[in-house]
């Protein structure tokens, strides 16, 4: 494959083990420290990349307050081998933040505004709760349905509109845990998880090289016993079919194809197209459909050209309608989230976009795929998608 000099290539990807937010492995680790550790280790294993060449550290983070405030990208960068002469910015597109970080870096490379970037994101939902410091404008209800800010209710709405049953959602939830457990046992996450020290349930310091969020014992029967989490009267969305509240970080090294060639680096993949799209906030989970359609059109590809998909599992009731309308539901077991998803691994907001992108690249590498799509819904009615080609 011949690449143009300003094509954007992914050099490497790594992530932390995913930790439970309540009493989990990262309970005594700050978000900046988690981010800095990840960046440092990823640079250490890429010896051909000079940290001094990093133009910018672009880091996704949603709740930018407390330890995640005051530009956590810069805070984390200062604690790594990246020199002070490199810059840092923190971005938020809610759930799509670290994929937006990737897009921002890609756009800079494409326009000649830098050659080497470190991108990713973090969310420590155990230290900085989802609603900490949030003060929604009550006037918003004049412009969008009042429940649009309640993600679980938007999932209920989307599931109802598309005829998604409780049983279908439970089966999807079981699948996520089973596939994530299988990937763990078979070492499929080995290339992407960068071990971190943390504390086990007994308070002992240990090195974690696995996700503590996966529940292999999950069954259809155990999920069927759960009560609705958001709509007690007739609701179908439960805690077991929703993304977990977890702590984690993800990181990528991206650069221009020309710089990768000059350094003698074999990239993992090249970005073929990117897109964002908006939808009615009341069905925010539908965002991946128009975003993916737009990205595919820009890449000159059709849905059948895509070998593998990573779709962020915000809710089973949201993921299934997306797969249905993208016309890949019948190919789910061959193409979609083959290592499980956020129902098993969790959804640390600022982390997830780069996490699903990196997991996709590993799935493509392990299974020989050529084209892949990473996509996710975004609170208040957006979608974001990236089309990758393996090189």
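Cβ coordinates come from backbone N, Cα and C, glycine included.
Copied over from Swiss-Prot:
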type	residues	note
ACT_SITE	95	active site, acyl-thioester intermediate
ACT_SITE	347	active site, proton acceptor
ACT_SITE	377	active site, proton acceptor
Pairwise CA distance, residue 95 (active site, acyl-thioester intermediate) versus residue 347 (active site, proton acceptor), rounded so that it is a whole Å: 8
Lowest local Cβ density (other Cβ within 10 Å) among active-site residues: 347, 377: 347
The residue listed as 'active site, acyl-thioester intermediate' CB neighbourhood, other CB atoms within 10 A: 32
Integer Cα-Cα distance in angstrom, residue 347 (active site, proton acceptor) to residue 377 (active site, proton acceptor): 12
Residue 347 (active site, proton acceptor) in three-state DSSP notation: coil
